[in-house]
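Report on the following structure.
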Amino acid sequence: MAAVRDYKTALEFAKSLPRLDGLSVQELMDSKTRGGLTYNDFLVLPGLVDFPSSEVSLQTKLTRNITLNTPFVSSPMDTVTESEMAIFMALLGGIGFIHHNCTPEDQADMVRRVKNYENGFINNPIVISPTTTVGEAKSMKERFGFSGFPVTEDGKRNGKLMGIVTSRDIQFVEDNSLLVQDVMTKNPVTGAQGITLSEGNEILKKIKKGKLLIVDDNGNLVSMLSRTDLMKNQNYPLASKSATTKQLLCGAAIGTIDADKERLRLLVEAGLDVVILDSSQGNSIFQLNMIKWIKETFPDLEIIAGNVATREQAANLIAAGADGLRIGMGSGSICITQEVMACGRPQGTAVYNVCEFANQFGIPCMADGGVQNIGHITKALALGSSTVMMGGMLAGTTESPGEYFYQDGKRLKAYRGMGSIDAMQKTGTKGNASTSRYFSESDSVLVAQGVSGAVVDKGSIKKFIPYLYNGLQHSCQDIGYKSLTLLKENVQSGKVRFEFRTASAQLEGGVHNLHSYEKRLHN
């Protein structure tokens with residue numbers, strides 16, 4: 001029998017062993033040995049915990065030039081992301097991509113609503129003239145979702161300031177034919193052109209008013225600050241904002257047909273920060289040409305291309321000028337592409353291989369599809385992705401489009417794949433986002449690559465996203481790293497270890513041997 005070692009030498013002995021426990025990511029994702037893997041097929045091994053989870057930074061790259069405070073992204077699906085979802089995704093540190101299964105004008109209006117929701121200096125405030133009627137002002141309040149319109153002499157943005165119309169000025173005015181010059185607040189408190197954002201916020205605190213109008217030396221309106229935005233800055237410290245305008249970041253999706261060029265012009269005019277080229281198979285001449293056109297026409301606009309599942313697909317899009325990649329083909333909960341088209345790839349393997357290639361060129365990648373819980377998010381990030389796109393996880397939330405309905409006593413919302421027949425027939429086939437996404441514009445018989453269904457009410461993302469955020473912090477803590485950057489660096493160096501899971505191991509890792517139980521995700 002071998003002699004028992006001195007316990008004081010345990011660390012030295014562990015270091016002397018020929019290999020670390022578990023597998024490196026390269027060994028785990030060897031397709032020749034294990035085939036294609038997805039998130040349930042492996043675990044990340046625990047490391048040393050020497051810090052509180054609250055110290056974990058989840059800051060990450062969305063594209064070459066856009067950084068987010070969280071890796072959470074909402075999918076451009078017509079049952080997931082419209083303006084309300086995009087607003088709160090940005091407030092909570094992520095970003096939302098508004099779907100394009102609607103008219104270009106409607107999509108641009110949704111982008112505009114996000115950009116106007118929270119601003120630092122509002123450099124293009126909506127203004128009215130003294131001869132605007134009270135009824136028109138009320139209609140504008142309903143249309144734009146806010147009140148507080150500066151009144152200028154000529155009704156133009158840089159005109160001489162005459163006053164401001166707020167809710168309290170018009171709320172109880174019954175005669176809608178009255179002119180705003182008769183009810184507006186005259187001589188409002190103003191700030192001088194050139195003051196800083198912090199100085200403007202201090203003035204707002206002192207005057208206890210809702211808006212601060214910024215004017216030049218001649219009394220002409222220059223910009224505006226909002227008190228509600230000051231409050232939001234306190235409530236949402238992680239909010240994703242433009243470094244220049246301080247507006248919330250907003251993304252949107254377009255297709256790759258010629259009509260999408262005019263759609264994109266409207267979106268850029270509305271303030272779009274980043275565009276996703278929405279295609280189930282991104283390695284197409286249509287997408288390559290669209291990337292080149294966008295780079296020539298809107299050189300400052302960030303482009304996320306895809307979807308891709310292989311290095312070869314990624315190489316074409318990177319060479320064309322993509323600023324980010326979207327990974328996934330057939331792995332979404334409502335997607336049947338792999339079943340119908342016999343084309344796709346298990347998501348874990350797709351994420352690892354594409355990220356390993358793209359990261360060498362500084363191109364951030366987004367894992368899209370197959371994510372069902374916090375553990376899956378952690379694994380996608382460990383495999384190299386910078387962000388994680390969620391569709392099914394956010395469907396059924398308060399902020400997702402659609403009305404709730406009841407079935408068998410449960411409160412539900414509709415959720416459908418963009419490759420479903422329902423989505424393809426939402427508008428005319430020409431210009432429809434779904435037919436464009438699946439190259440089906442000219443088909444007389446539509447072949448579905450998705451299904452329509454319903455999901456249970458999940459409540460508001462104002463509670464759900466913080467749950468994901470805290471859970472991901474705890475996950476990084478268990479693995480032993482204080483940031484996503486450190487996690488990924490140590491995965492690549494081989495210090496972070498993995499374990500392949502058999503089917504029995506997967507059963508063991510879930511709830512088992514209970515007569516009944518309740519699974520509550522958060523309080």
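Glycine is no exception: its Cβ is also placed from the backbone N, Cα and C atoms.
Taken verbatim from Swiss-Prot:
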type	residues	note
DOMAIN	121-183	domain 'CBS 1'
DOMAIN	184-240	domain 'CBS 2'
BINDING	Asp278, Ser279, Ser280, Gly328, Met329, Gly330	NAD(+) binding site
BINDING	Gly330, Gly332, Cys335, Glu508, Gly509, Gly510	K(+) binding site
BINDING	Ser333, Asp368, Gly369, Gly370, Gly391, Gly392, Tyr415, Arg416, Gly417, Met418, Gly419, Gln449	IMP binding site
ACT_SITE	Cys335	active site, thioimidate intermediate
ACT_SITE	Arg437	active site, proton acceptor
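Remark: of the binding-site residues Gly328, Gly330, Gly369, Gly509, the most isolated position is Gly509 (fewest other Cβ atoms within 10 Å of its Cβ). The binding-site residues recorded for this entry are Gly391, Glu508, Gly509, Gly510, and the Cα of Gly391 lies nearest to that of Gly330 (NAD(+) binding site). Under the three-state DSSP scheme, Tyr415 (IMP binding site) falls in the strand class. In the three-state DSSP scheme, Glu508 (K(+) binding site) falls into the helix class. It is 6 Å from the Cα atom of Gly328 (NAD(+) binding site) to that of Gly369 (IMP binding site). The Cβ of Gly391 (IMP binding site) has 25 neighbouring Cβ atoms from other residues within 10 Å, across all protein chains displayed. Note: the CA-CA distance between Gly369 (IMP binding site) and Asp278 (NAD(+) binding site) rounds to 14 Å.
Residue counts of the domain 'CBS 2' (184-240) by helix, strand and coil are 20 helix, 17 strand, 20 coil (DSSP-based). Counting in whole angstrom, Ser279 (NAD(+) binding site) lies 38 from Glu508 (K(+) binding site) by their C-alpha atoms.
In this entry, NAD(+) is bound by Asp278, Ser279, Ser280, Gly328, Met329, Gly330, whose most widely separated C-alpha atoms sit 14 angstrom apart. Closest to Gly509 (K(+) binding site) by Cα-Cα distance, out of the binding-site residues Asp278, Ser280, Gly391, Tyr415, is Gly391. Taking the C-alpha positions, the distance from Met329 (NAD(+) binding site) to Cys335 (K(+) binding site) comes to 9 Å. Among the binding-site residues listed (Asp278, Ser280, Gly391, Tyr415), Gly391 has its Cα nearest to the Cα of Gly510 (K(+) binding site).
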